[in-house]
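Swiss-Prot has this to say about the protein:
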{"type": "CARBOHYD", "residues": "Asn80", "note": "N-linked glycosylation site"}
{"type": "CARBOHYD", "residues": "Asn118", "note": "N-linked glycosylation site"}
{"type": "CARBOHYD", "residues": "Asn125", "note": "N-linked glycosylation site"}
{"type": "CARBOHYD", "residues": "Asn266", "note": "N-linked glycosylation site"}
{"type": "CARBOHYD", "residues": "Asn403", "note": "N-linked glycosylation site"}
{"type": "TOPO_DOM", "residues": "1-11", "note": "topological domain 'Cytoplasmic'"}
{"type": "TOPO_DOM", "residues": "33-465", "note": "topological domain 'Lumenal'"}
{"type": "TRANSMEM", "residues": "12-32", "note": "transmembrane segment"}
Amino acid sequence: MKAAVRSKKSKGSFCHPPLLLLIVAIQFLVIYSPTLDQYMVMLTTGKPGFPSMLIDGRRSFKQVDEFIPEPHLRCDFRDNRSDVCEMEGAIRILGRTSEVFLVAPSLASISGGGGGVNATGVDANATRWKIQPYTRKGESRVMPGITEVTVRLVTADEAPPCDEWHDVPAIVYSNGGYCGNYYHDFNDNIIPLFITSRHLAGEVQLLVTQKQRWWFGKYREIVEGLTKYEPVDLDAEQRVRCYRRATVGLHSHKDLSIDPRRAPNNYSMVDFKRFLMWRYALPREHAIRMEEEDKSKKPRLLVINRRSRRRFVNLDEIVAAAEGVGFEVAAAELDAHIPAAASAVNSYDAMVAVHGSGLTNLVFLPMNAVVIQVVPLGRMEGLAMDEYGVPPRDMNMRYLQYNITAEESTLSEVYPRAHPVFLDPLPIHKQSWSLVKDIYLGQQDVRLDVRRFRPVLLKALHLLR
């Protein structure tokens, strides 16, 4: 029947040139194309003015004409923690040269910086900006080793052609620096990533310079909660990746914390804590409330002891003192496997630790828990407060600080009491951080005076009522 119908209409069928051309074109593709999917182009609905295209990135693909909208770029170079550029338009990223091209439709869009370009802290007429996308801006000890990324405002003729299109935004940042230090992993990478990407609900791709593969394995649960896509090793990337939106650099507000007034959706550290609870399936959102619990149930106290310096020399005495005031106590060196460490910490109501990266585990404590930081000798009080004193309060937890005396420091076994190490640490601070780190963080252990420390334990117990 189908053949008969064709035959009936055959006299007029080939009188239409457009139809004839279509049939010939299809036959040509079937006969001569090795694989039709090599030329696949998928169009999806996008934001008005920014057509969304996902193109097969094979090298046999022939570049299609690209609509170039007016570029929008906002860079902030005045923040004291990090430089960040956010852009929208036709964006092309070439990893092997660490370049991000924001394409303008004409020279007129570029001259004078362009109407959609807003860069604070730099020349308003600039068309090229250099960023080290790591959140320790100004630190001479680490920033020279951070890969520099260049953002360029160019015309289409100056930009490399696209090899691969993406329908989600990109975030470009460095995984170098202090990567591997537990505190810096959260402070320099994870929390800034949360601030910069969480509002995108996983629809974002991370383009990472100095990518440490093991790091993404260690924090897999967190990374997969922030992006649905495999993070890209940008330094090894040979293709030109194209996006409609991109951010170069990460937003960072303060040490181990978030300023909700500056964060998308007013995200706070409470939101970050709940994010961690979700990613690690932590059961306890709130610490014990002793007045509401069975009176036979004791609050649990975790004493974190360090493997190297700044250890508790008299750990047994500290545990006995805490048990004496009413805590159920455990002393531990936490598992390096993050899910196991997170689960363990979440089961406690209070934590005691000497200033150091172990205190970073406070992010896994339930809300209303108590954090006790023991501050070693050497005028470390300000640093201790910034790094581990403010964050607990921002996470709806309680914070207590115990500053040790010279008698409680093992430095008294190394230096005479009349030494400047005890009498005047300030010149040592002014001389160099390396010297401070060597003496006060690298040579010192702690022998707590448990009688002097007992009121702090009682205060912690009171805060849990």
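Including glycine, each Cβ sits where the backbone N, Cα and C put it.
Given the structure is predicted, the values throughout are model-derived calculations rather than measurements.
Features recorded in Swiss-Prot, as mapped to the structure shown.
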residue: Asn80; record: N-linked glycosylation site; contacts (Cβ under 8 Å, 6+ apart): Lys137, Gly138
residue: Asn118; record: N-linked glycosylation site; contacts (Cβ under 8 Å, 6+ apart): Leu73, Arg74, Cys75
residue: Asn266; record: N-linked glycosylation site; contacts (Cβ under 8 Å, 6+ apart): Pro260
residue: Asn403; record: N-linked glycosylation site; contacts (Cβ under 8 Å, 6+ apart): Val375, Glu381
The number of other Cβ atoms within 10 Å of the Cβ of Asn125 (N-linked glycosylation site), counted over all protein chains shown, is 12
Under a three-state reduction of DSSP output, how is Asn118 (N-linked glycosylation site) classified: helix, strand, or coil? strand
Express the predicted model's confidence over the topological domain 'Cytoplasmic' (1-11) as a mean pLDDT, rounded to an integer. 35
Is Asn403 (N-linked glycosylation site) helix, strand or coil when read with DSSP? strand
Under DSSP, is Asn266 (N-linked glycosylation site) part of a helix or a strand, or is it coil? helix
